[in-house]
Structure formats: C-alpha cells, structure tokens
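According to Swiss-Prot, the protein has these features:
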type	residues	note
ACT_SITE	Tyr325	active site, O-(5'-phospho-DNA)-tyrosine intermediate
BINDING	Glu9, Asp117	Mg(2+) binding site
DOMAIN	3-148	domain 'Toprim'
DOMAIN	164-581	domain 'Topo IA-type catalytic'
SITE	His33	site 'Interaction with DNA'
SITE	Arg174	site 'Interaction with DNA'
SITE	Arg175	site 'Interaction with DNA'
SITE	Asp178	site 'Interaction with DNA'
SITE	Trp190	site 'Interaction with DNA'
SITE	Arg327	site 'Interaction with DNA'
SITE	Arg513	site 'Interaction with DNA'
ZN_FING	605-636	zinc finger
ZN_FING	667-694	zinc finger
ZN_FING	716-739	zinc finger
Amino acid sequence: MSKSLVIVESPAKAKTINKYLGSQYVVKSSVGHIRDLPTVGSSTGEKAKPISTKGMDAEEKAKIKAEKERNALVKRMGIDPYHDWKANYQILPGKEKVVSELKSLAKKADHIYLATDLDREGEAIAWHLREVIGGNDDRFSRVVFNEITKNAIKQAFEKPEQLNMDRVNAQQTRRFLDRVVGFMVSPLLWKKVARGLSAGRVQSVAVKLLVEREREIKAFQPEEYWEVAVLTNNQNKQAIRLDVTDYKGKKFDPKNQKEAQSAVDFLNVSDYVVTDLETKPTSSRPRAPFITSTLQQTASTRLGFGVKKTMMLAQRLYEAGYITYMRTDSTNLSQDALNMARTYIENHFGAQYLPEKPNFYSSKENAQEAHEAIRPSDIRALPESLEGMEKDAVRLYDLIWCQFLACQMPPAQYDSSTLTVTAGDYTLKAKGRILRFDGWTKVLPQIGKNPEDQELPSVTVSEKLALKEVQPTQHFTKPPARFTEAALVKELEKRGIGRPSTYAAIISTIQERGYVRTENRRFYAEKMGEIVTDRLNESFGELMNYDFTANMEDTLDKIASGSVNWKTELNQFFKDFSSQLSKAELDELEGGMRPNSLVETDIKCPTCGRNMAIRTASTGVFLGCTGYALPPKERCKTTINLIPEAELLNVLDESSETKALMDRKRCTKCGTAMDSYVIDAHRKIHICGNNPNCDGYLIEEGSFKIKGYDGPVVECDKCGADMHLKLGRFGKYMGCTNCDNTRKILKNGEVAPPKEEPVHFPELKCEKSDAYFVLRDGASGVFMSAHNFPKSRETRPVKIAELVQYRERLPEKLAYLADAPQKDPEENEAIVRFSRKEKKQYVTSEKEGKATKWIVDFTNGKWVERKK
C-alpha cells in the first residue's frame with residue numbers, strides 16, 4: 001500500500017510531526033528553501049555571443065553597450081523587470097541530494113502534503129517544492145497548523161487546503177523589490193561613494209533611523225538643572241523624604257546653583273506643615289500575550305537576549321511542539337487556549353485570580369487574526385519539564401508561559417498615596433504605593449523597583465515635620481537614548497516598517513554591512529553609514545521615506561489577500577524607481593548623486609606641499625592629499641592616520657554620554673559636538689561630528705602625547721608577535737600586530753583559545769548536503785561541522801569511535817579523547833561534550849536523541865566513570 005508524503009522545512013519539525021502521524025505517512029524535511037534566485041557569481045546558462053560594433057557610430061555603440069550591461073544585470077539579479085518579471089530560480093547549491101530524494105519519494109506517494117510554516121515564507125517554500133517535484137497539481141495539498149500538537153495536526157489533515165498563490169506572490173514581490181534595490185543601487189554607491197557598499201530597500205531605512213538618532217545625540221547640548229530634596233521626621237521620628245515640586249504655584253525648576261541655593265537657604269529655616277494626604281486605589285493591568293515584536297523586546301529587557309537569538313530559540317520551541325508559531329502580529333487567543341489558561345489559573349491560584357470574563361486585547365489594524373499570539377501549546381508543560389531544550393530555550397519558554405497566564409489574570413491592586421507639605425511659598429511632595437492584591441504579578445513580577453513602592457509613615461493634616469537635612473543635587477539634561485535592538489524593533493513596528501518575519505533579518509543585516517555597530521547592546525551609526533544615508537536620502541527620497549516604506553508593507557498585505565495584482569504593483573514601483581536611478585547616475589552638476597566629498601584643510605602634505613583634506617572611508621576618518629585627484633603621473637597618494645585623542649563617545653555607557661558631550665568642543669559653524677584626533681606630537685585636529693556635511697574643523701597646536709597601546713597583550717599562536725585588543729563591527733577581539741591572525745573575546749571577557757586547524761574526514765559524509773565533516777576545536781570544545789561552512793552549517797557531536805578509527809590524524813592535544821570508551825554499558829555510542837562550567841570536555845552517550853546519565857571524565861591521565 002502506497003503512503004502519503006509529508007514535507008516540512010526542518011528536520012526538528014519533521015521529527016515532532018512524525019510522532020503524531022500514523023505509519024501511512026512518510027515525513028521528510030526540505031531543510032529550508034530548496035531553490036532561490038541565483039547567488040552572486042553563479043553561472044546561469046550559456047554566455048551571450050559578442051556583438052560586433054564594427055562600422056557603428058558612437059550612438060549605436062552606446063546603445064549596444066547599455067543593452068549588454070542591462071542583460072548582465074538581469075542575469076545577476078535572476079529576475080527580469082523589463083520582461084514581465086520573469087524569474088530564474090535555481091536549485092540551491094548543496095540541495096541537489098535533498099531534491100533528488102524528495103522527487104523519488106514523491107513518485108511512490110499517493111498524495112503529497114506540503115506542511116511548511118503558515119506565513120508567506122512557508123507558503124513560498126511549499127510552492128517551490130511543488131514546482132520542483134512537478135506532476136499533477138491535484139496530487140498536492142497544503143496543510144497549516146499554528147502549533148505542532150496532535151490535535152492541531154489532526155485538524156489540519158482533516159481539512160487540507162490548496163496553495164495560496166496570492167501569499168506566494170506577496171513573498172515574491174518582497175523578494176523582487178529587495179533584489180532590484182540591492183542590485184541596482186549598490187553599484188551606484190560603489191561608483192559615487194566607495195567600493196564594497198550596499199543598499200537595501202528596508203535595511204537602509206532602518207539605518208536612517210539610527211543615523212538620525214546619532215545626529216540628534218551629537219547636536220544635543222546638555223543643560224544644567226537642579227533638584228532639591230528635604231529629609232524630615234514625623235512626630236514618631238519616622239523618616240520622610242520630600243521633593244520640592246512647586247514655587248509660588250509654578251513648577252520648581254532652578255537652572256543653576258545660585259537659584260537652587262536660594263531655595264536651600266530658605267528651606268533650611270522654614271517650617272514644614274502637612275497640607276494634604278490623598279490615598280486612592282490604582283491598578284496595573286497585565287500586558288497582552290506576546291506577538292513577535294513584544295517577545296523580542298521583553299526577552300531583551302528580562303533575559304538579555306538579542307533579537308536573532310530570541311527567534312532562533314523560539315523556532316526550536318515551536319518545532320519541538322512546545323509553543324505556537326512565533327512569527328505573528330496578532331494578540332488573538334483561541335477559545336481552547338482561553339479555556340486552558342482559565343482552568344489552570346483557577347486550579348493552581350484560586351478563584352480570586354480568575355477574572356469573570358477572559359481578557360481580550362486589540363491587535364493592530366493589519367494583524368492577521370487567523371494567527372494566534374505566541375503561547376504555550378499546553379500550559380501543563382511546565383518549564384522545568386521540557387525535554388531536549390537548552391537552558392536559554394527553557395528560560396524563553398518560561399517567559400512565554402508566564403506571560404500567557406498573566407494576560408488572563410486580574411490587575412494588580414494598589415493603594416497610592418500622595419503627601420503634600422508646604423514650606424512658605426514652596427510645595428513639597430512624597431509618594432507611596434502599597435500592594436493590596438498582586439493579581440497578574442503573581443506569575444510575572446515586575447522588573448525594577450518602582451520608587452513609589454514604599455509605605456508612607458503615618459501623618460495628619462496640619463502636622464509639623466521636623467527638618468533633618470536639605471539636599472540640593474545638580475543634573476544635566478540627557479541626550480535622546482540610543483536604540484537597543486529591542487527599542488529599534490519597537491520603533492520599526494510603530495512606523496509600520498517590516499513585519500514579524502523580517503525584524504530579525506533587518507537587525508542582523510544592518511550590523512553585517514558595517515553601517516552601524518553595537519556596543520553594550522546599543523546602536524552607534526558609523527560615519528560611512530551617515531554618508532550613505534545622506535546620498536540615498538537625496539537621490540531616492542521616496543525609497544527612504546518612512547511612510548512610503550510602511551505603505552509598501554500595506555501593499556504586500558493587499559497582494560497576500562488578493563486585493564491588488566502583484567505585477568501591477570511591481571511595475572509601478574520599478575517605473576518610479578528607474579526614473580530616480582537614472583537621475584542619480586548623472587554627474588553631480590547635472591543633479592546626480594553627490595560623490596563622497598572631502599573637506600580641505602590648511603594642513604600641508606609632507607610629500608608635495610598641497611593641502612590635505614579630511615576624507616572618510618569604510619575604515620574611518622583620515623587625512624588625504626588633495627593631489628590624489630590629479631592625473632596618474634602627477635597624483636599624490638600621501639595619507640595621514642588620525643589617532644583618536646581618547647576613548648570615543650561611542651564606547652561610553654549611556655550615563656556617561658552627557659558628560660562626554662559637555663567635554664567636547666563644539667563646531668563654530670553648526671554647534672555639533674566635534675571629534676578630536678591627534679595628528680602628531682605637535683598638532684591636534686577637531687572635526688565637526690557632522691562632517692562632511694559641515695566643513696567645520698579646528699587645528700590645535702601644542703605638545704601632545706601620542707598614546708601608545710596599553711591594553712592586554714597575548715602572544716600570537718601563528719607568528720609569536722603581540723596580539724592587541726581591537727574593536728571591529730562585531731565587537732572586541734584580539735588582533736595580531738604582525739599577521740592577520742585574530743582571536744575572539746569570550747562573553748566572560750577571557751581571550752578565546754587559539755584556533756586549531758580543522759581535521760578533515762572526507763570519509764564522514766554530511767546528511768543534509770554533499771559536504772563532509774571536519775573536526776573543529778572551538779571555545780566550546782570539539783565538534784563536527786561541514787567542511788564548507790558557512791555554505792553548509794550542519795554540525796553534530798564527535799563520536800569516540802571515529803576518533804579511534806582516525807587516531808593518527810588527531811593533533812597531540814586531542815589524542816587523549818581517542819582513549820575514551822567507544823560505547824556505554826548499554827551499547828549506545830559514546831560522544832564528546834563540553835562543560836562550560838568546568839571548562840573541560842567529557843564523554844557521554846545518547847539514546848533516541850536524549851542524553852543518558854552515563855558520563856566519563858578524564859582525570860589524572862585516565863578516563864573514569866562519574867559516580868551517580
């Protein structure tokens with residue numbers, strides 16, 4: 001009897017689904033996308049035959065050249081916007097084996113179920129699978145489920161659907177738009193600004209947000225202000241701290257020490273009389289169940305997870321069947337989910353924690369209500385009971401579990417008190433709050449202490465308080481806060497830029513391109529990021545407009561719902577975009593994109609005597625001779641490195657940013673904070689932070705010490721030279737002063753051990769591609785990974801039996817592993833694991849994918865079984 005074939009996109013998901021389907025189904029994974037538009041540099045078809053231009057005039061030759069360049073561009077992009085958006089999809093490298101297996105299984109199957117994820121990306125994967133496998137469309141059915149549970153899968157297979165081509169076309173539209181912008185604008189940036197630059201339809205808009213915030217911070221001028229607090233005692237000698245809030249009926253707002261001291265002098269001799277004590281009930285409602293953006297934000301603030309890590313862990317939890325689908329913008333909960341939560345609350349917390357009716361939360365206008373919020377698949381699966389999940393995945397599940405319960409619990413109830421005291425013309429206040437009923441905070445306590453969470457001492461109206469001390473405090477206004485990953489996601493969501501499925505990719509891409517970087521989990525715009533943003537803003541105003549980008553997301557939603565035609569929208573976009581691109585490609589004098597400008601200075605070139613200019617490259621700011629613009633034979637290539645005078649503003653913590661801004665010189669032309677660099681022992685240059693848009697700079701002469709390197713030093717394991725601490729786009733690392741060797745800085749601040757050359761095992765083939773395994777030794781011990789990483793990212797633990805078989809290939813430091821037992825007492829294969837706590841490798845085993853309790857340690861030169 002033939003079986004039905006079920007195709008999903010991940011092995012973990014296939015493993016979970018397989019537990020719930022009967023023997024009449026064969027469940028296989030496509031391991032993500034199986035085909036895509038061509039990668040850069042891939043060859044597609046035969047090369048076009050050259051066209052002879054002999055005898056043609058200049059206009060005809062230019063026309064032939066333009067046609068040739070256009071055809072080459074279309075070939076690289078893999079889509080042809082000039083001919084009805086014809087796409088050249090190709091099987092992804094390394095996926096040939098997967099495709100061959102799926103085709104073979106499909107031939108034998110009586111029906112094929114495409115069970116990829118329920119979002120547009122999942123719909124597109126399903127469509128690509130159907131297109132590649134081929135055959136009658138009637139053989140294919142689409143099944144979707146919001147959670148990988150027995151009941152959800154049963155319902156999905158009872159009511160299979162057809163592929164939704166509107167959703168597929170929405171995904172293709174997004175892909176084509178991004179492809180066009182990236183492939184057609186990036187070469188322009190290479191030509192006009194600097195080689196190696198790139199642009200993205202949504203990513204460039206996200207960078208714009210960060211650049212604007214960077215400039216707000218640099219332009220910000222801190223202003224002084226003072227606060228005055230008064231420490232008093234009531235008649236029972238209980239301490240009460242009062243803040244001065246008003247003076248003569250207006251807000252108390254001293255701008256300097258003189259104004260503050262005037263108040264202090266009066267308050268030191270004044271009487272303090274209680275004039276009012278108001279107590280009223282207040283409450284704190286629970287937040288809605290998680291959607292993608294709020295999960296990312298809360299995981300960042302409560303757990304310290306980055307957006308990418310949060311989504312990776314959520315994906316694993318979903319594929320293991322523990323939570324519902326993690327890419328959603330809907331706060332909707334099914335009736336079954338509500339019943340599950342309410343039953344659990346009543347049984348485990350009591351009736352007082354159960355509202356009369358379920359709590360409902362509104363979703364944003366374009367949210368897909370068919371989707372649910374992120375919640376546990378089964379509330380009875382407690383965090384500590386999860387099997388096969390790493391520690392951080394369990395922590396994330398615990399957060400989701402608690403938020404789901406909290407959202408269906410009553411508000412926390414407080415008694416909030418405000419004490420008002422007068423001292424002459426001054427009004428002082430103290431606030432307190434007492435928790436009367438914890439409500440939802442029973443399962444999800446609020447983080448951070450509220451300064452009002454105190455019980456005010458007992459006082460009566462007209463009571464006089466005894467003065468203990470008057471405390472004036474100087475403050476300075478703070479610049480706008482820098483974006484964290486979580487805050488940036490919140491801002492993107494608020495502006496309607498991107499969707500739940502794209503936030504993580506946007507955050508990752510803008511960091512990888514080098515236009516921004518993160519330090520202490522906060523974003524800093526690099527100078528090149530500012531320049532590229534300016535050029536794109538000037539030449540592609542509509543593309544960089546926040547509202548236009550948000551409206552395009554709405555258009556994609558309309559395509560997905562079948563309201564508008566996808567190619568009509570693509571054609572309209574391309575028409576407008578092509579017009580802007582043509583203008584941008586012109587010379588600057590004709591209205592084209594401005595080149596990467598320089599700022600000429602009075603500093604003379606030490607080689608030719610011409611003026612030096614402030615230039616910006618991807619690596620930073622430097623001085624370059626203006627003679628570089630001359631013809632090759634006369635060209636002067638002299639450059640001078642600029643050494644930052646001290647730690648730059650962008651490596652300081654947020655609390656220090658105000659002081660740093662105050663200490664920096666201000667540009668006399670635009671008022672922006674200046675960056676200071678040492679040129680040599682006798683000169684320093686202060687450059688406007690808004691360079692090159694502002695040509696302000698200042699030369700300071702004197703005697704300056706060029707600070708040498710005084711950081712940590714380790715010996716290079718390749719050449720023996722010193723390795724120094726450096727800062728790159730992905731954070732701190734150790735770099736050799738002599739060769740190109742680098743070493744990571746671990747999360748605990750230690751320098752990672754030297755990188756060992758991988759040991760190749762061509763005999764050990766990967767399961768997911770045609771690659772073979774190599775043995776790598778990293779910061780977390782040894783492991784097997786594909787030899788062509790990162791093209792193939794397949795990894796697995798090292799088996800002792802393999803090390804024994806190929807002992808002669810092992811480096812001396814790893815030879816001891818080959819002496820470990822090859823199997824446990826139950827004949828399960830022994831594998832190598834690494835203990836982060838003890839920082840050493842040990843041997844254990846697995847049975848049916850789960851770790852056994854058998855552990856062997858290497859102690860005193862021999863392998864010893866650990867006592868249970």
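Note: Cβ is positioned from N, Cα and C throughout, glycine not excepted.
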Inset, instruction - Among His33, Asp117, Trp190, these being the recorded positions, pick the one whose CA is nearest to that of Tyr325 (active site, O-(5'-phospho-DNA)-tyrosine intermediate). - result: Asp117
Legend entry - Same-chain residues near the zinc finger (667-694), Cβ under 8 Å, at least 6 residues beyond its ends: 215, 218-219, 221, 527, 531, 534, 596-599, 601, 603, 614, 616, 621, 623, 640, 642-646, 648-649, 661, 700-707
Legend entry - Close approaches to the zinc finger (605-636) from elsewhere in its chain (Cβ under 8 angstroms; 6 or more beyond its ends): 194, 196-197, 514, 527-528, 531, 596, 598-599, 642, 675, 677, 679, 685, 687, 691-692, 697
Legend entry - Cα proximity to Asp117 (Mg(2+) binding site), best match among recorded sites Arg174, Trp190, Arg513: Arg174
Inset, instruction - Select the closest residue to Arg175 (site 'Interaction with DNA') from the following recorded sites, measuring between CA atoms: His33, Trp190, Arg327, Arg513. - result: His33
Inset, instruction - Could you say whether, by DSSP, Arg175 (site 'Interaction with DNA') belongs to a helix, a strand or a coil region? - result: helix
Legend entry - Residues of the zinc finger (667-694) by DSSP state, where helix covers H, G and I: 0 helix, 14 strand, 14 coil
Inset, instruction - Please work out which residue of His33, Arg327 has the most C-beta neighbours within 10 angstroms of its C-beta, and give that one of the recorded sites. - result: Arg327
Inset, instruction - Could you say whether, by DSSP, Arg327 (site 'Interaction with DNA') belongs to a helix, a strand or a coil region? - result: coil
Legend entry - Between Glu9 (Mg(2+) binding site) and His33 (site 'Interaction with DNA'): CA-CA distance (Å): 7
Inset, instruction - Give the residue from the recorded positions Trp190, Tyr325 that has the most other Cβ atoms within 10 Å of its Cβ, counting over every protein chain displayed. - result: Tyr325
Inset, instruction - Could you check which of the recorded positions (Glu9, Trp190, Arg327, Arg513) sits closest to Arg174 (site 'Interaction with DNA'), going Cα to Cα? - result: Arg327
Legend entry - Which same-chain residues, if any, lie at least 6 apart from Asp178 (site 'Interaction with DNA') yet have Cβ under 8 Å of it: Gly200, Arg201, Val202
Legend entry - For Arg513 (site 'Interaction with DNA'), the number of other Cβ atoms found within 10 Å of its own Cβ: 22
Legend entry - Among Arg174, Arg175, the one of these recorded sites whose Cβ has the fewest neighbouring Cβ atoms within 10 Å: Arg175
Legend entry - Neighbourhood of Glu9 (Mg(2+) binding site) by C-beta distance under 8 A, where only residues 6 or more apart in the same chain count: Ser29, Ser30, Val31, Gly32, His33, Thr116, Asp117, Gly122, Ile125
